[in-house]
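What Swiss-Prot records for Gly30, Gln31, Asn32, Gly33, Met34, Gly35, Lys36, Thr37 is ATP binding site, and it gives sequence analysis as the kind of evidence.
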Amino acid sequence: MILKRISILNYKNLEQVELNFSAKLNCFFGQNGMGKTNLLDAVYFLSFCKSAGNPIDSQNIRHEQDFFVIQGFYEAMDGTPEEIYCGMKRRSKKQFKRNKKEYSRLSDHIGFIPLVMVSPADSELIAGGSDERRRFMDVVISQYDKEYLDALIRYNKALVQRNTLLKSEQPIEEELFLVWEEMMAQAGEVVFRKREAFISEFIPIFQSFYSYISQDKEQVGLTYESHARNASLLEVLKESRVRDKIMGYSLRGIHKDELNMLLGDFPIKREGSQGQNKTYLVALKLAQFDFLKRTGSTVPLLLLDDIFDKLDASRVEQIVKLVAGDNFGQIFITDTNREHLDRILYKVGSDYKMFRVESGAINEMEEKER
């Protein structure tokens, strides 16, 4: 899938933006706080029906405005044009349309325009709680497996209902708990199996990217832990019910799964330097791209936001070689350091566009300015 053109009104600090893109490489150059990340976030919104940074849609409306609109004009691999529209008014439900037809369920859109974003916020994958790492798995698998996304939605709905019962001060019949526990178990087993299969296939791809960027200086790994492994999830939930009632929420289940991120045999959270952590995250996301490209029917979009920060020169050079190659389809990349972008452009050749970003205004640079 190629994003040919985007139109943005009142999204974050972007008042009015109309841009045509290169099918290969699009570079956005400017100081921090000017709107580079917001442009990438608008592209992200068109794939995931939400912002990467702020899930509260109304807070993404530009200050003192009543609405935002994002429109993307795409071209599929077979040349078919696709138009995606998102509009949001304050105190109103957002509208999401494909070719002018509104979606009845936003989840039906997930995976239609596969996308991978590498950004400074990825540091939470290492530094944050287990929910960040589960979300990573969810974002990848949901883009190519509708059964997974449906099971995850069913599980979370049942989890909310079970937690409501656990908080109740009134006596609750066991049969009522069983209704939601059986739904959690059924959906949770699907989620567990698919997460396990994904991680098993994903690990060697991830390790290959890390080895290339680090030039084999360190070994990395991933391990997946779940209460659903080696036990019936329904029995796990039933056995945990008494303790869960005391706490007022569900202590066990696939919503507590963990993806351990390792440098050597130890958690990278504890052992990794800033450069190693950044290398780990970049390799993780490039492996995500590669995995989605292998499993899907279309090449994902790749968004790279300030990707070179905290990396030494040799690792920057390895990433430049990767990004400038032919494996990554359409790329959108931001940086405050023009030199980084120029090195990529030198390797890519002629198929690129450079944009200058200043105070929410984004303008394509003329050839003589580049």
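Placed from the backbone N, Cα and C atoms, the Cβ positions cover glycine too.
One way to see the shell of the ATP site is to take the Cβ centroid of Gly30, Gln31, Asn32, Gly33, Met34, Gly35, Lys36, Thr37; the remaining same-chain residues with a Cβ within 8 Å of it are Thr334, Thr336, Val357. Within the same chain, the residues at least 6 positions away from Gly35 (ATP binding site) whose Cβ sits under 8 Å from its Cβ are Lys12, Asn13, Leu14, Val357, Ser359, Gly360, Ala361, Ile362, listed in sequence order. Neighbour count (other Cβ atoms within 10 Å of the Cβ, all protein chains): 8 for Asn32 (ATP binding site). Remark: Gly30 (ATP binding site) has Lys36, Thr334, Thr336, Arg356, Val357, Glu358 as non-local neighbours, by Cβ distance under 8 Å and separation of at least 6 in sequence. Same-chain residues at least 6 positions away in sequence with a Cβ under 8 Å from that of Met34 (ATP binding site) are, in sequence order, Val357, Glu358, Ser359, Gly360.
Comparing local CB density within 10 A for the binding-site residues Gly33, Lys36, the maximum falls on Lys36.
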